[in-house]
Amino acid sequence: MFLKKLIEAKKAYTFDDVLLVPNASWVEPKDTDVSTDLAGLKLNIPIVSAAMDTVTEKEMAIALARLGGLGVIHRNMSIEEQVHQVQAVKKADEVVIKDVITVSPDDTVGEAINVMETYSISGLPVVDNEDKLVGIITHRDVKAIEDKTKKVKDVMTKDVVCAKEDVEEEEALELMYANRVERLPIVDDENRLIGIITLRDILKRRKYPQAARDKKGRLLVAAACGPHDFERAKALIEAEVDAIAIDCAHAHNMRVVENVKKFKEMLEGTDIKLIVGNIATKEAAEDLIKAGADVLKVGIGPGSICTTRVVAGVGVPQLTAVAEVADVAKEHNVPIIADGGIRYSGDIAKAIAAGADAVMLGSLLAGTDEAPGQLMVINGRKYKQYRGMGSLGAMTGGVGAGADRYFQAPAKSHMKHVKLVPEGVEGAVPYKGPVSEVVFQLIGGLRASMGYCGAKNLKEMQEKARFVIITPSGQVESHPHDIIITNEAPNYPLGK
């Protein structure tokens, strides 16, 4: 029985075990389409940032969404702080600013100036006690007025150019240019102020034509939630997050599967998607799809900072895990995210060829400006802090979300009295500058691979790409060899 179990064990593969075979191709890399659809979340690049406290907070989520990807804000923080971060992403590129700072017509000019200086703005809508727009006051209106006790209503511009809520961005821009104004108040049918559009915000949005946005034109953002944390999920739903990622080391725990059903019920009537992970088998995929998962996240122990495979002896090499889950997921039209083990851009191509619809990145993004990890200098070179959510630091820091993720979650207040068994390590990764530079190289490598494989888009990549298994000698041959590298390439860091 036991010997048979060993003999019949299947061989499993990860990224370094295979290469993609070049095909006859009419496809140029520059002409490839790398967009993907995660159950209705339309991304222009197949990159999702990891829900780790040294990878994704609002800065990373904003930057990645502007590039066309998706950030998953980690949960090792209070519910209130996570909600605040989600809202910050949503407001970053809003077309219509809803939380408008206003003044009353009976306020003094001095009071209006104080408000402008406090919030560093050069103009304010003027509304009456019914929130009806009656005028606008700007620095130009007040800069020559010496008597600061004058009323706003005596100096404001009363003939205000405004628009209705359904105004299109192009129409708003034309109105502002035609009337030489930089702010366009938005009003309802009764002239009540709803919000404001600014020229600066429209021009800023146009800098990011590939941004991943919701139906209202706001940046997409996801947030992590514990498998039993219904209170957090409720708050995230109210914050209008685009996806909730059930963040768990072993999502095929049957209590987690049962809770997925409850989370799915909470999301009824919303457009919010439920991402569930992590898993590594077809059985897990079947159970979680049945429970209501919209997107599956694959990966047990492949991450650079994860020790699950040596501490627990459990895991499946990532490429095999992705392919096995994909075979089930594709039957149900459920997309999957390959989470972990990605070291080079070629690994992204291999993950997609094996059935992934997107990849989740941790270490490749942790060294960027937008990652929240601490910047440090080691031997004269810059690094940024990076740690696994199963590390002792993540388990005991913040709100102890790392411990909860690995089913070692007492109340945070009792953490100091509990012995923990970490499944991750803490360290540092080389500083890399802005995340946009890293993403440029990663997507460039993916496009190159698609050109070699003759795939115009990711669906064709999954259909046309072919694998070949390589030997250890083949792995050595795949990397630069018989040379001392004197200039480090941006997409091939030394020391890996």
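Here the Cβ of each residue, glycine as well, is placed from N, Cα and C on the backbone.
What you are looking at is a predicted structure, and each value in this text was computed from that prediction instead of being measured.
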(request) Quick one: which of E265, E268, E423 does Swiss-Prot put in the IMP site with S304, D339, G340, G341, G362, S363, Y386, R387, G388, M389, G390? (result) E423
(message) Whole-number answer please: how many Å between the C-alpha atoms of S304 (IMP binding site) and D247 (NAD(+) binding site)?
(response) 18
(request) By DSSP assignment, list the helix, strand and coil residue numbers for the domain 'CBS 1' (96-152), in that order. (result) 16 helix, 16 strand, 25 coil
(message) I'd like to know which of the recorded positions G340, G390, R405, E477, S478 sit within 10 A of D247 (NAD(+) binding site) at the Cα level.
(response) R405
(request) Could you pull the average pLDDT for the domain 'CBS 1' (96-152)? (result) 88
(request) Select the closest residue to Y386 (IMP binding site) from the following recorded positions, measuring between CA atoms: G301, C306, R405, E477. (result) C306
